[in-house]
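Notes follow the structure.
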Amino acid sequence: MTAIMGFGNPVRSDDGVGCYVIDQLRPVFDGTPGVGLFDMGTSAFEVLFKLKGYTRIRIVDAVVNTGETPGTLYKLPAEAIEAAIQEDPMVFLHSLKWDQALSYARKILGDTYPDDIQVYLIAVDDTRLEIGLSEAVRQAGEQVAHVLTKDLEAFHALP
Amino acid sequence: MAIQKELNISPVGRVEGDLDVKVYMEDGVVTRAHTQAAMFRGFEKIMEGKDPQAGLIVTPRICGICGGSHLYCASSALDTAWQTTLPPNALLLRAIGQATETIQSIPRWFYAIFATDMANKKFANKPLYDEVVKRFAAYVGTSFQRGVVASGRPVEVYALFGGQWPHSSYMVPGGVMCAPTLKDITRAHAIMNQFRKDWLETLWLGCSIERYLQIKSWDDLMAWVDENESQRNSDLGLFVRASLEFGLHKFGQGVGKFVAYGTYLHKDHYQKPTVEGRNAALISRSGFYDGNKYSVFDHMSIKEHVSHTWFEDVPAAHPWDEPMPVPVQSHTLHQTDFKKKYSWSKAPRYQDFAAEAGPLARVIMNANPDNLLPHQVFDPLFGDVMDKMGPNVFTRTLARVHEAARLYVLIDEWLRQIDLNGEFYIKPEEKDGKGFGATEAARGALAHWIEIENGVIKNYQVMAPTTWNVGPNDDQGKPGPIEAALEGTEIEDPHDPVEVGMVARSFDSCLVCTVHAHDGKSGKELAKFKL
């Protein structure tokens, strides 16, 4: 059971690349048993509710201030996410980020918290209020969609 | 392009904006308060010159929490501009979307935002403190977890019809883009029923919804609390008792004037959407209440002031008449002169008055006995609560949580009224013109105004409930609702002014809020914390 979650805001230029990746995967994998495709948008808190029933989680998001050129791809090992999680007891619905939501999910889900979580981050620096991706970031999104397609094909039978 | 590994970085925080609340305290009382929206939110600019339906895609992305409410407004604004015809099914499914989004936010907001403050050490000497900590403490409270988990259920119903939540675009001018099956309706009933069993009746009310809805006055509510152990020890029972013991009814009054646009357009009364016909078609009513009397809501009575906003000065104007704003130089909180411009938020005014938007405004309108139509909610409770207690942190919060029982009943009723063989969408004819769409988001009155010229968007204005509540001073130097609610608040510990946080949280602004508390005489910052 694999959940792919794309994060970001498609009306803030390259910030929307996570949602773009989900759009790319839909034509092939929508309706595939055991595969969940989620356009998470900016609703980090919802991670908590979407994890349930999945053993493998793939997260796609944009990342700023990396110092690398836009379109650079990062694949984070699960340990790195664990290390970066901030334990902030003052939850605020509008500022919660998905890593904090994961940390909270671990508390609530206990033994059923999925242990196979991988994160793909795409470096961006253009988050203006506009619709559409730059070519470099779009290509990076295509590449992540390709990697995830292989990943899904290895585990799930297409309908 | 190789996949690089090893990046020790935290994800992007996609906040809807930052709000700085600066208060000055003298002798344990807040003497001055200013709210500074610290981020330019120019989503409207994206839509200028675009296809009229751009708002259906763009505006649900404005907020990760109120996406459905923006969609309700965006589709309604186009309905009035294009003079569409709406099938009853479409009005039902839009109402269900709006109501499920609002009801989910009741436990989520109460446990994850508001009640955690009741576990603050400030209240440690109160008899009910231990029980409050046991249930409401962040993460570890016994009810915190159950309430937050239950809050995930209602939006599953939204997703059944809308495809996903919150960023769906299933509401369109002329109806909704979905055609539910009997299986979907059955599933929606089952999900809501689970929400009722897991939280609403068992943990929250300690009684049936029907019993709770018999409450019509403040005395009824008090009698309900003491009626039996189950109600007394329910989370609502504890919240009421602890609030009165902790004194939450003694601060955070605000401007004492309220505005609600109302929502849930009735399936049989808004098939021909017009701005003029909207008030009479509402199930949850609109209105303006000035502290003494009600008046009929007219969106033309709204103007936005920018004299304290970082936009070039223009006369206060209705959103249809406002030019696209021209930003001017903004300042950091430290460098801001609060006598001049000091926020990115505009200051909306109704008949030139600052007005509070939110659940308290809604339940006050529902207590209005005048001009009541048979399909409209009448609930006198908050007319009485306002007479006896007035607005404050407690009544504002009580209003929010009071809505859960009624929303449950309405959602159940609307699900039963869907005609699976009926129409869900009637293709409209596109035309130029002006439109107005409004609703009640969980946190208050939300409206979109659109002007279409030559087939594209000429002007689009979004006014969020937060704009009503966090707005700065107006042209006359009069404060906005949160600014007014903070002034006069008594602070027990100036180094931990939890009271300021509770006032701000009771308005549930859709911005990430940082409180800066200063000594009124020396100007020295004594405390700074995030909400």
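The backbone N, Cα and C atoms fix where each Cβ goes, and this holds for glycine too.
A quick note: this is a predicted structure, and the numbers were derived from the prediction, not measured.
Going by TrEMBL, these are the annotated features:
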- B:Glu44, B:Val462, B:His516: Mg(2+) binding site (BINDING)
- B:Cys63, B:Cys66, B:Cys510: Ni(2+) binding site (BINDING)
- B:Cys66, B:Cys513: Fe cation binding site (BINDING)
Candidates from B:Glu44, B:Val462, B:His516 close to chain A, where binding-site residues are judged by Cβ under 8 Å: none
Alpha-carbon distance [B:Glu44 (Mg(2+) binding site); B:Cys63 (Ni(2+) binding site)] in Å: 13
CB within-chain contacts under 8 A for B:Val462 (Mg(2+) binding site), separation at least 6: B:Phe43, B:Glu44, B:Thr59, B:Ile62, B:His70, B:Cys73, B:Leu446, B:Ala447, B:His448
Which of B:Cys66, B:His516, the listed binding-site residues, has fewest other Cβ atoms within 10 Å: B:His516
B:Cys66 (Ni(2+) binding site) and B:Cys513 (Fe cation binding site), Cα-Cα, nearest whole angstrom: 17
B:Glu44 (Mg(2+) binding site): tally of other CB atoms within 10 A of its CB: 24
B:Cys510 (Ni(2+) binding site) to B:His516 (Mg(2+) binding site) - Cα separation in whole Å: 18
Cβ atoms near B:Cys510 (Ni(2+) binding site) (within 10 Å, other residues, all chains): 28
Cβ-Cβ neighbours of B:Cys513 (Fe cation binding site) (radius 10 Å): 26
For B:Cys63 (Ni(2+) binding site), the number of other Cβ atoms found within 10 Å of its own Cβ: 26
Three-state secondary structure, which DSSP defines for B:Glu44 (Mg(2+) binding site): helix
B:His516 (Mg(2+) binding site) to B:Cys66 (Ni(2+) binding site) - Cα separation in whole Å: 27
